[in-house]
Amino acid sequence: MNLLQKVTRAPSARHAAGPLVLVLIGLAAAGNAYSIHLATAAAIAFILTAAFNLVYGYAGIFNLSIIMTYGLGAFTSVYLSAQLGVSFWVAVPASMLLTAAISVLVALPSRGLDELFLAIQTLAFALAMGEVLLHWDEFSGGTIGIYAIDPPTFFGIDLVGGFAEYYWLAALGAWFAFDLVLRIDRSGMGRALVALREGPRVLASVGVSPETTRLVAFGLSGMLAGLAGGLYAHFQLVIDLDTFSFARLIALLLATILGGAGYFTGPIFGVLAILVMDELSLATSQAQDLVYGLGILLLVAVTSGGIAGALRRGAARLRGRTRQAEGELTGGDRPVRPELELAAPAAPVPTRRIEVSHVGVAFGGTRAVDDVSVSFATGEVVGLIGPNGAGKTTLLNAITGDVPVSAGTIDLSGTDLRGLSSAEIVRRGVGRTFQSPKVIRELTLVENVMLAGDAVAGTNWAQQVLHTPASVRADRRSRARALALLDEFALAGRAEHFAGDQPYGVLRLVEIARNLMLDPAFLLLDEPGAGLTEFEREEIAAAVRAMSARGLGVVLVDHNMPLITAACDRVVVLDTGRVIADGAPGEVLARRDVIAAYLGVAL
């Protein structure tokens, strides 16, 4: 690891960067009223952008209600301080708690909703909240708004917006938001949020509840939006509903995308970019719309992933992450074939079984799985084959809880798996991979593997964000184990490389390594050999045999018969949703009805 890499990944350096920048801005703006006003507005805008970045950039949730959450924080803090006589120093934290709670309530009905319908749900809440605030004159001032808001005081000193004293207050809030998001970014929670952005199934496949993760994202985002609203109201000393319009939401979205959605530094660059374009448009009033539009187009064109993303890629190139190491082959080939020696259990492990009994899965009037009965045991590799549309992946989805079972039972050593969530089934010992590797492109290989380790780390997200000693030790253990697993797959040299830069075959192995972090009893592999070279399929076969020797039960779905015969102890054949053969690979593959199922004609 070179000096640049050490500095950029050092936690103390990153945590110190936020306060240092804020202090420098404050000193530079001192004595200039306009600069102080601009810096204060930027600090508050940063908090709001960080709130939106947390839920949209990290978790991939287009939360259209956040602008009204921001407004609710502003009106609540003013109502508590002006109407109820509550101190500003109590009113703002109270508004943060309220907006966090309401944001969680907005997300509660979202179970099972995809991104589009969730966005519509948040839009409905925003519209409803706007109507409530418009007609609740006592709380919001209705169409007139609230004027002559008293500034907060600190030991007898009025903190008036536009003066240095209030800037330092806003800067303190900005530092809090920066530090919180940075801690989340560098914790298991941050990895979980990014995985949620890739899709709920990815998160569930490592034993983490997507629903809980979504609620946490909404709650934390709402809390920061409430902070921004409270600071904004007492900065401007006048607020009305027009302040929290959808035009502000568009500006917020623009700042998030330009800065770099999903990067903890993104809000900094996004707010600065918007400020620069605003100042340029004011300086060229005859063509301000043109300047603004051209600036946006230029930034979007040259900065995929925003400014922060472009800078990260540049830093990665300097560290050599995206370059081929000297002597390293291109494509999927690697010079060293992994000879896996996975640690065997210290003591004999009792055999566990998955018993699938008369299971049916129907989609409308189509029975994708029809009266299937089959069993799988630990220490055994079972190939599940059949023509396209035979029901192989659907059967795996039924076992892992990704699709509901319409008939029959699925039992794991005495536990009925029906009705359990996918994450709960994973925690009970059934892991899986997917037809396309579900890895997080923005994370390094070791971070992708650690994603599963976070689920069994023994610490909660609060401990991880606070960096308690227990969570630090757990994170170190998780990283050490993830590195050891990557080493077993001959991937230790790529551990700190981004997954998005890796060949397809490497991603297949990373997905398997991630599952092994969970110590599963069973691993269901869905077409792991698809799209691989012969060499890479040999790697998969070696990995499967090593896992079986370790005591895992492996169910292998694939169309590559050499891979099936090399890796499997037993083969089960499905055709039109039914089992037509079950036995030793050589015997099953020689059967006329199996050959006919693949050819589509009777022999």
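Even glycines carry a Cβ here, placed using N, Cα and C.
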Annotated transmembrane segment segment (source TrEMBL; candidates 116-136, 158-178): 116-136
Spatial neighbours of the transmembrane segment (88-109) far in sequence, C-beta under 8 Å, 6+ residues away: 65, 69, 72-74, 76-78, 80-81, 121-122, 125, 152-153, 214-215, 217-227, 229-231, 234
Beyond the flanks of the transmembrane segment (116-136) by 6 or more, those residues with Cβ under 8 Å of it: 61-68, 71-72, 75, 106, 109-110, 142-143, 241, 244
Chain residues outside the transmembrane segment (36-55) and at least six past its termini with a C-beta under 8 angstroms from it: 22, 25-26, 29-30, 61, 63, 66, 70, 161-164, 166-167, 170-171, 173-174, 177-178, 181, 184, 193, 217-218, 220-225, 227-228, 231-232, 235, 252-253, 255-256, 259, 261-263, 266-268, 270-272, 274-275
